[in-house]
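Per Swiss-Prot, domain 'Guanylate kinase-like' is recorded for 11-189. Annotation source Swiss-Prot lists ATP binding site at 18, 19, 20, 21, 22, 23, 24, 25, citing similarity to another entry.
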């Protein structure tokens, strides 16, 4: 049997961020439902499981000692402490999925994404934008869970966050979830065809073996 010129591609790490109300979660859910080769990265945390949460499904639940040990072993793409509990993205589990050819979505805040970018240089960083700030405002208001004070805080935060869009590889305007999903699918397809990704998967072949494969 003739050898393949290249191996099956390694999966792509897709890091998705954007302001609250931009529709990140809805887009990620649609991608997961539509594609069986796209998986969500499961975060690790030291907080106690809530009712109905399953270890390895909702989170990887760790003790603080276990979490700190993994920090020492450099096994997090990013991590942070929030209200006394640690949260992080396990590097080993993400790498395992990528090596298996799975595409991995990491939906994360901007600060976390920038930390991931320092370690995962081959990641694809996508910023989700609302069609307009007025539309973003209406989406947040429709949730019905915000006070006037918290609304103002969210709007100010959104303005600040949008300024980070230049740190990302791609920007996708979410005026329609279906269209936004199609744009991300196109980005993923293009990324898989990048020469630098293919080069990493090329088999080491002697010149005469390559000649035989191409011209026999």
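Residue positions begin at 1 at the first shown residue.
Yeah, the Cβs are placed from backbone N, Cα and C, and that goes for glycine too.
Summed and averaged per residue, pLDDT over the domain 'Guanylate kinase-like' (11-189) gives 94.
In sequence order, 128, 129, 130, 136, 174 are the residues of the chain that are 6 or more apart from residue 22 (ATP binding site) and have a CB within less than 8 Å of its CB. The number of other CB atoms found within 10 A of the CB of residue 19 (ATP binding site), across every protein chain shown, is 25. Contacts of residue 20 (ATP binding site) defined by a Cβ separation under 8 A and a same-chain sequence distance of 6+ are given as 140, 154, 157, 158, in order along the sequence.
Apart from the site residues 18, 19, 20, 21, 22, 23, 24, 25, the chain places the Cβ of 128, 130, 174 no farther than 8 Å from the centroid of the site's Cβ atoms, the recorded ATP location. The binding-site residues considered are 18, 25; of these, 25 has the fewest other C-beta atoms within 10 angstroms of its C-beta.
The number of other Cβ atoms within 10 Å of the Cβ belonging to residue 21 (ATP binding site), over all protein chains shown, comes to 22. Residues within less than 8 Å, Cβ to Cβ, of residue 24 (ATP binding site) and separated from it by at least 6 positions along the same chain comprise 16, 17, 18, 107, 128. Listed in sequence order, the residues of the same chain lying 6 or more apart from residue 23 (ATP binding site) and placing their CB within less than 8 Å of its CB are 128, 130, 139, 174, 177, 180.
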